[in-house]
Amino acid sequence: MEKTTPRTKLLKEGSAHQLSFTKRIWKNILVLSSAFLLNFTAFRGLQSLQSTLNSEAGLGVVSLSCVYASMVLSCMYAPFFIHKVGSCKWTIVVCFFGHVLYTGSNFYPSWYTLMPSSVLLGAISGPLWTAQITYLTSSAQEYAELLQHDSLEGDIAKFNGVFYLLNDLSGIIGNLISSLLFSAGTQDIGKGEFCGAMDCGIRPEANYTSHYVTNSSAPYKLAGFPADDKEHVIARYILFGVFLVCNLLAALVAGLCLDKNANSKELSSAGRIQVSQQVLRTVHVFKDINYVLLVPLLVIIGMAGALVSGDITKSYVSCALGVHMVGYVMICCSLSSTVFSPLIGHLTAYAGARSLILAAVVANAVLLIYMLLWQPDEDSLGMILAVSGGWAVVRTVWRIQLFAVLGTMFPSNQEAVFANAKMAGSIGSMLVFAYSAALCMDVKLYIYMAVLALGTVGFGVFECKTRNKKNQKADTS
């Protein structure tokens, strides 16, 4: 006998109830997506500028390293956090206020303001994204049950598509806002004498002439600028004010317009039991040699993203063109990733995931060699856009294809494998931001190249093992 639930009962009573419930579900998905769009417009705009606006003693990149280090740990207690708050909706609202504090700390950036807020931001990032995934998945379950769909995966993919479409726009909007505000009167800010691989950050012997490298006699600073530099201080206050409003609006939209989801509350109530099991399953993944062989390339995904937002923007973009161009270059990266994502997925049917991964490795190696030999200047805008866009496409290929390979190789343990892969990427980001301020750009590129070489060897061994296993199965059959 078919089990009758309140929603299926309403479905049988008439299409009016069905339409009402589906509208409510879609409304919640759009509210959730819009709230994340507002919130991460601020964060992604700030992340792209940290290495330039807070470059003294590496404050900006070290703070980003703390964000990702804390994020790695926060994934472990996320279900327990959601259970204590009471629902996914209010977890999201509470975590958005963590972003409010982080944005606010940038009004007066120092080791005593930016570092604690960065640790807090990472600490709430795990629960925030876990709550988002849980809410969206439970909404898809409700939607599939209501419409009696056979494939839950199709509805989850549909909702994910809407969410990530709006979420990815946050990078474009955040960087566009910062670029427009910094375009007026800040063309010389962040410029240096030695750019590209020759940029040595805060090393005294590098003779780096960035606007932000100051001595002990420098004037008191407001918002990262000298107090007597009123024009730039005002521009930065306006930027942070806009971002702060975005964070507050995100919390307001989620708090007032997002409905509680019964299924998500049920899922979060089981979270306390699942924490220890999730940790054990995550550790157990490392017993599989096939996964271990792919870890370096998973780390590279995080390193590639951090290198763009933390180092390439500083040593190649703001150093040669000025800080006002950082946002435009990051917009180019976001657009390249957005445009090529569906094309990469389409090419998989013809070339295969493994061929595309190796092609991305070769392309990345070519970009690295060129970046080591090239010294950008104020006339290098076109080449900077090309290199940055190519870098974004390479990272997109790895992100799509490596997760496709993982899903195929580990069909029975996808949750733990994907969580582990996310953690590996976060570790890569954390490491790049951690040593960013202490090393010259060429050393950073060499480190990246070494990890890329290790990842290539690991992937080659993985591919050989996979083919041998397939051949053995073919011979026995």
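The backbone N, Cα and C atoms fix where each Cβ goes, and this holds for glycine too.
Here is what TrEMBL says about this protein:
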| type | residues | note |
| --- | --- | --- |
| TRANSMEM | 25-46 | transmembrane segment |
| TRANSMEM | 58-78 | transmembrane segment |
| TRANSMEM | 90-108 | transmembrane segment |
| TRANSMEM | 234-258 | transmembrane segment |
| TRANSMEM | 291-309 | transmembrane segment |
| TRANSMEM | 321-344 | transmembrane segment |
| TRANSMEM | 356-374 | transmembrane segment |
| TRANSMEM | 380-398 | transmembrane segment |
| TRANSMEM | 419-439 | transmembrane segment |
| TRANSMEM | 445-462 | transmembrane segment |
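Comparing 25-46, 90-108, 234-258, 291-309, 419-439 for CB pairs under 8 angstroms to the transmembrane segment (445-462), the maximum falls on 291-309. Counted over residue pairs separated by six or more positions, the transmembrane segment (380-398) shares at least 3 Cβ pairs under 8 angstroms with the transmembrane segment (291-309), which defines the two as touching.
The transmembrane segment (58-78) and the transmembrane segment (419-439) are in contact, since at least 3 Cβ pairs between them lie under 8 Å (pairs 6 or more apart in sequence). Within the chain, the transmembrane segment (90-108) has long-range Cβ neighbours (under 8 A, six or more residues past its boundaries) at 32, 35, 39, 42-43, 46, 54, 81-82, 114, 116-118, 120-121, 123-125, 127-128, 131-132, 135, 222-223, 237, 240, 243-244, 247-248, 250-251, 254-255, 258, 268.
Highlighted: of the candidate stretches 234-258, 291-309, 356-374, 291-309 has the greatest count of Cβ pairs under 8 Å to the transmembrane segment (419-439). Sequence-distant contacts of the transmembrane segment (356-374) (same chain, six or more residues past either end, CB-CB distance under 8 Å): 196-197, 297, 304, 316, 344, 347-348, 383, 387, 390-391, 393-394, 397-398, 401-402, 405, 442, 445, 448-449, 452, 455-456, 459.
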